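Undergrad: Below are the features I grabbed from TrEMBL:
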BINDING   A:Asp46, A:Ser61, A:Asp91  Mg(2+) 4 binding site
BINDING   A:Asp46, A:Asp91, A:Asp225  Mg(2+) 3 binding site
BINDING   A:Asp63, A:Asp91  Mg(2+) 2 binding site
BINDING   A:Asp63, A:Asp138  Mg(2+) 1 binding site
BINDING   A:His70, A:Asp276, A:Trp325  substrate binding site
BINDING   A:Gly137, A:Asp138, A:Arg163, A:Ser227  ATP binding site
BINDING   A:Asp228  Mg(2+) 5 binding site
DOMAIN    A:44-154  domain 'PurM-like N-terminal'
DOMAIN    A:167-319  domain 'PurM-like C-terminal'
Protein chains: 2
Amino acid sequence: MSDAATPGEFELIRRYFMQDVEHACSSDHVSPHQARAGVVLGQGDDCALLAPAPGTRLAVSVDTSLADVHFPRDASAEAIGHRALAVNLSDLAAMGARPRWFVLALTLPDVDAQWLEGFACGLYGLAREHDIALVGGDITRGRELSITITVHGDVPDDEAITRHGARPGDLLAVTGTLGSAHGGLRAWFDGERDEHHPLVAAYLRPTPRTSEGMAIRQMVSAGLDISDGLLADLGHLCDRSGVGARLEASSIPVDQALVASLGAQDALEAALNGGDDYELLLSLAPKHEDAVRQTLETLGGTLHVIGQITSEPGITGVVSTGRGWQHFHASEPSTGATP
Amino acid sequence: MSDAATPGEFELIRRYFMQDVEHACSSDHVSPHQARAGVVLGQGDDCALLAPAPGTRLAVSVDTSLADVHFPRDASAEAIGHRALAVNLSDLAAMGARPRWFVLALTLPDVDAQWLEGFACGLYGLAREHDIALVGGDITRGRELSITITVHGDVPDDEAITRHGARPGDLLAVTGTLGSAHGGLRAWFDGERDEHHPLVAAYLRPTPRTSEGMAIRQMVSAGLDISDGLLADLGHLCDRSGVGARLEASSIPVDQALVASLGAQDALEAALNGGDDYELLLSLAPKHEDAVRQTLETLGGTLHVIGQITSEPGITGVVSTGRGWQHFHASEPSTGATP
């Protein structure tokens, strides 16, 4: 049993992921190693040594991205690198945490210089945008391409956004539009290979809302990111908060490109159940609505109120099903294995 | 593309890995969720929220264990769970860091209750011994069994053991004996399936030296854990410290069971190059030798001096090769992709 790479392969790996590399790719992206705030000791020892900021909590999350489960194997290496980090950054955004450091566990079926360069560009490009530093990693050879990233952020004591603070009477709102990622995945399966296609880009290159989460964390009562789908994630929020919710389907924001691609009915269905959008689902007291909206707009984002938190458990709503208007309940506890 | 497990499968997964489980297995091991010091918010939200101790550095390391690469697929689930965490704890031991929290990314080809129970027992049993709490995870279905663990420890400012502090004149020493894990792997390939066989146990259930690392961190000048093999890891230490080393092969501690199994010559070869021992390789000023030895013996361990740090780069030594005594140099830079 051995995962030994050849010396040349190790040289390649080091070229893209080790700390002495300033420019990992040919674009203007640079290695996140330049952003080393709080890094006492980076790669090259048994552990990274980090200095968390005093007065903060450390926010930690892990997510695995597996070829042909979480992304299409034939997506560009750059998109795969971007997406693998983005879904993790989105967990920090959901807590309102400031991105600090991440570690990367990469399992590769083979060592291909061009693929590694693209992957590093996608990963480092996004890392730089969100000011998060790569501080450790483990690269293994295996049959399946698999990327596991653990992200670390910090958030001042008692300021984290959690899933358990929603209160009856709070407004329910989302950043951005929903359903586009699901539309992009369907377009990909239908043969669309332009990664700049707006729906495909929504799926392959989601934008984690880290700045938004940090900016509004003190104005919202609860929140999480929409990865499983609006209904499923709203279910998680309600379960943890011990509340229910009433959705107004007509208020759910859907991109025009999605409606053009799927039609209004399927677009709404994608928004409700598609998942992979990585927008934030928030609850907030009505008095904070204007301030939250203004803060998000300052950051180039949007806020759409889509319902209300209720004291009765379960999610109710009136949703057009194509067969008419359906009043639905979603009272199942959350089924995700991911915390 | 979906990694969806059935509701029954999620229930199983939750049973073994979620926080409301007190007894994950039938033995007297309990879930590490009881040890929740510093855990502000555990599983069930987008991130865990942790409270690092003031005045400490956070030590972070990630390692992937892949079936038939890092462990035999047909080892017991309990051994697989133990080993996956042990190799990560060993990285904390190598820094002298106190284990605090870990996150688990598990990719499973199928969801099997009996296997999951065994895996959880192995994992939690070791977690409890080392007082480390599971605070997050991600479970995915994939073709290959793969376990990626990110461990977090803390160590007082400026007390961490690193690879870069070795000085000429320091003694070179190891905890425990070397080569047994390699002997165990060979025995396994030869059909030995008794996991309590001393050599097989050395391979499948290594003992991370966390207490030892913490106890001696202020008395040693540098150190790391022996995962790649003594010569390779000594190479890493020398590279990072800008020094060389002279080994005394006759002083390298080898278990009698290994000599009985392989013969003296192959036993020494296993000790030099076999790897997977997860003992600590240390450099220390001669004046600290007695104190370090006494401290380790108090913990039930041993210290064997096996050479000296030199100012000339490269590793030199006199080693019996079977063809006579070989004076060797190992001047290559480290080739491991793992920091």
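Each Cβ is built from the backbone N, Cα and C atoms, and glycine gets one as well.
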Undergrad: Measuring Cα to Cα, how many angstrom lie between A:His70 (substrate binding site) and A:Asp63 (Mg(2+) 2 binding site)?
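TA: Answer for this pair: 10 Å between alpha carbons.
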Undergrad: Under 8 Å Cβ-Cβ to chain B, which of the binding-site residues A:Ser61, A:Gly137, A:Ser227, A:Asp228, A:Asp276?
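TA: Out of A:Ser61, A:Gly137, A:Ser227, A:Asp228, A:Asp276, A:Ser61, A:Gly137 lie under 8 Å of chain B.
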Undergrad: How long is the line from the C-alpha of A:Asp138 (Mg(2+) 1 binding site) to the C-alpha of A:Ser61 (Mg(2+) 4 binding site), rounded to the nearest angstrom?
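TA: Roughly 17 Å, rounded to the nearest whole number.
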Undergrad: Please report the Cα separation of A:Asp276 (substrate binding site) and A:Asp63 (Mg(2+) 2 binding site) in Å, rounded to an integer.
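TA: Approximately 13 Å lies between the Cα of A:Asp276 (substrate binding site) and that of A:Asp63 (Mg(2+) 2 binding site).
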Undergrad: Let's check the environment of A:Asp225 (Mg(2+) 3 binding site): how many other CB atoms sit within 10 Å of its CB?
TA: 25
Undergrad: Using DSSP, what's the helix, strand and coil tally for the domain 'PurM-like N-terminal' (A:44-154)?
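TA: Final tally across the stretch: 36 helix, 46 strand, 29 coil.
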Undergrad: Using DSSP and three states only, what is A:Asp225 (Mg(2+) 3 binding site)?
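TA: DSSP call for A:Asp225 (Mg(2+) 3 binding site): strand.
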Undergrad: Rounded to the nearest angstrom, how far is the Cα of A:Gly137 (ATP binding site) from the Cα of A:Asp46 (Mg(2+) 4 binding site)?
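TA: Spelling it out, the Cα of A:Asp46 (Mg(2+) 4 binding site) and the Cα of A:Gly137 (ATP binding site) are 10 Å apart.
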Undergrad: Round to a whole number and give the Cα-to-Cα distance in Å for the pair A:Arg163 (ATP binding site) and A:Asp225 (Mg(2+) 3 binding site).
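TA: A:Arg163 (ATP binding site) and A:Asp225 (Mg(2+) 3 binding site) have their Cα atoms 10 Å apart.
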Undergrad: Looking at the binding-site residues A:Asp91, A:Gly137, A:Asp225, A:Ser227, A:Asp228, which ones sit with their CA no more than 10 Å from the CA of A:Asp63 (Mg(2+) 2 binding site)?
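TA: Near A:Asp63 (Mg(2+) 2 binding site), where near means Cα within 10 Å, the binding-site residues are A:Asp91.
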Undergrad: Determine, to the nearest whole angstrom, how far the Cα atom of A:Ser227 (ATP binding site) is from the Cα atom of A:Ser61 (Mg(2+) 4 binding site).
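TA: Pair distance, Cα basis, whole Å: 14 Å.
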Undergrad: Have a look at the binding-site residues A:Gly137, A:Asp225, A:Asp228 and say which one has the shortest Cα distance to A:Ser61 (Mg(2+) 4 binding site).
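TA: Looking at Cα distances from A:Ser61 (Mg(2+) 4 binding site), the smallest one goes to A:Asp225.
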Undergrad: Where A:Gly137 (ATP binding site) and A:Asp91 (Mg(2+) 4 binding site) are concerned, what is their Cα separation in Å, rounded?
TA: 20
Undergrad: Would you say which of the binding-site residues A:Asp46, A:Asp63, A:Arg163 has the most Cβ atoms within 10 Å of its own Cβ?
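TA: The residue with the most neighbouring Cβ atoms within 10 Å is A:Asp46.
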Undergrad: Report the member of A:Ser61, A:Ser227 (the binding-site residues) whose C-beta atom has the most other C-beta atoms within 10 angstroms.
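TA: Of A:Ser61, A:Ser227, the one with the most crowded Cβ is A:Ser61.
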Undergrad: Take the C-alpha atoms of A:Asp225 (Mg(2+) 3 binding site) and A:Asp91 (Mg(2+) 4 binding site) and report the distance between them in angstrom, rounded.
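TA: Their Cα atoms are separated by 7 Å.
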